[in-house]
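Asks: Below are the features listed in TrEMBL for this protein:
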type	residues	note
DOMAIN	2-218	domain 'Glutamine amidotransferase type-2'
ACT_SITE	C2	active site, nucleophile
DOMAIN	286-425	domain 'SIS'
DOMAIN	457-597	domain 'SIS'
ACT_SITE	K602	active site, for Fru-6P isomerization activity
Amino acid sequence: MCGIVGAVAARPVSAILLEGLKRLEYRGYDSAGLAVFDGEQIHRLRRAGKVRFLADAEQAAPLSGSLGIAHTRWATHGKPTEDNAHPHMSGEQLAIVHNGIIENFEPLKAALEEAGYQFSSDTDTEVIAHLIDQAVKAGASLQDAFLSTVSQLEGAFALGVMHKDFPGQILASRKGSPLVVGVGMGENFIASDQMALLQVTDRFIYLEEGDFVQITLDQVSIWDKTQQLVERPVKVFEHNLSVAEKGEFRHFMMKEIYEQPEVVKATMQGRITEDRLLEQSFGNGASELFDQTRQVQIIACGTSYHAGLIAKYWIEDIAGIPCAVEVASEFRYRKHVIPDNTLFITISQSGETADTLAALRAIKEQVLASLTICNVPGSSLVRESDLSLMTNAGPEIGVASTKAFTTQLVALLMLTVALARRNGLSEEQEANIIRGLHQLPSLLLAGVRLDKDIELLAQDFAEKNHALFLGRGPLYPVAMEGALKLKEISYIHAEAYPAGELKHGPLALVDKEMPVVTVAPNNALLDKLKANLQEVKARGGELFVFAGADKIQQEDGLKVRQMPDVPEFLEPIVYTIPLQLLSYHAAVLKGTDVDQPRNLAKSVTVE
Ligand code: AGP
């Protein structure tokens, strides 16, 4: 989704802005631009396509100046062309960058056209530029013009504005879209997330909903939504710069797949002993809330939704508590019957997904408490939920979620233990789960070591146009996640089915052109699954099966890859790895843009 960077400094800012845009590339975008003020004029440069095209253009005709704003755009209103790329300007004097969607831009645009403004783009953003300009021309200060404009906007936005007649400052605001302030030494910055600014500072202020901010060389002033001047804490972002580098890997996605054995340790660290869960990890008051919990409602999107579906099996099987799971975009727009004492859980890598956030806001007052399982500290979901459990996966740059998913599952399994304790889980059973979690890093490593073998398997996929994924029980959502991974990065159409549904329809699709991928658990459902595999084989379908050691034999038309022996409750986490690798290698063979697949964004901050 769109990314913003802005800088006020005593040194040239173009390189800082371009580096910031590169660091935001992972969010997904289709055009980029920057505007720099040199003390006399605002100079703007924009390009459709990659940030490197913009950087090449800037190198050919450098933009000098120590005040600037920049943007990566993910098209919503208007095609991804240079004309629609940000920054947008009103005349020569004002430049603006915007994330989000202005829902009432049409009537505002009509009124501005009536007043004589001409539009040079199809975007909703240009309306904001002209509205501010109109107010300034009517005599308002930049600050008043900005605030009166923002008060007219409906929708979600993060904005950054600079004006030639009000030099030395950037004004910014957020409502529904994320924005941070980077605090430097004699220079200050804004950005959509801290990743964009790690090369210049590690001190950040996370703006609250409705905040308005003015940054200058040596000052950051923030007003809240009631326009009271407020102090927001400056937080030091502890990071290792290598998290934003690919290192020896060709793609971030592969690096992140390989990181999984390590990052799950970070999810568990300090939260479990040798054989017990440390329940206080969920925060103050969590134990009392878990005591009262009688029902769980999980809301999420995409991969995080799949994590929720797996958690449903755990929460109902192990904790014996009813659990409902729904995608946020559906949940937010319907009436709900929420039973008493419902614990409302959101799952999100970014913590900024618009639908998930809206679902939380819609239901917050009707539930016992809200808990978010999230990877980004300080994100909106973390700030707006009663409780949070950070997944600690470290920044995930590849658009396709990998380590965020497996760490979400670890967090959800720990939550399951907390709930199950109140519903008959014995100390011995708890110890069994916790000891299993301690084995997880080495089990995931065994999965990752299948890499070379799976790379060979992927050759059979790269030429195909479709694939079916089958699973049973909690391995069905794993199959869904495998299908999502394959389609989002390789563009091969893939569907997942519970294996038992095969003969109720999808079997009609099976022929030699339709590979069928199956994750075969080592449990009571294995024999049923074997029968499903025979149904596929009998129709000439080519099967790719990931199964426990010696559970299914390789034969003609049936390629089996053996997985390590895994405790049943860990199967969904470990069996995810080969499916991630399969998608990755299929995408590399097809030559797609693995880390930034077409049309997709890492952080979906608009509906
Ligand atoms: C998965 O690979 C995608 N990146 C996408 O489905 C993602 O999981 C979804 O947009 C939800 O994002 P979130 O976890 O940041 O809320």
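All residue numbers here begin at 1 and follow the chain in the order shown.
Cβ coordinates come from backbone N, Cα and C, glycine included.
TrEMBL: automatically predicted annotations, no manual curation.
Model, not experiment: these values are computed from the prediction.
Structural setting of the listed features?
Replies: Taken as a whole, the domain 'Glutamine amidotransferase type-2' (2-218) shows an average pLDDT of 94 in this prediction.
According to DSSP, C2 (active site, nucleophile) is assigned to coil rather than to any helix or strand.
Within the same chain, the residues at least 6 positions away from K602 (active site, for Fru-6P isomerization activity) whose Cβ sits under 8 Å from its Cβ are M1, Y26, R27, G28, S350, E396, I397, V399, listed in sequence order.
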Asks: When secondary structure is assigned with DSSP, how many helix, strand and coil residues does the domain 'SIS' (457-597) contain?
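Replies: So the counts come to 67 helix, 30 strand, 44 coil.
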Asks: Tally the residues of the domain 'SIS' (286-425) by DSSP class, grouping H, G and I as helix, E and B as strand, and everything else as coil.
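Replies: Reading the DSSP string over the domain 'SIS' (286-425) gives 64 helix, 28 strand, 48 coil.
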Asks: According to DSSP, does K602 (active site, for Fru-6P isomerization activity) fall in a helix, a strand, or coil?
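Replies: The three-state answer is coil.
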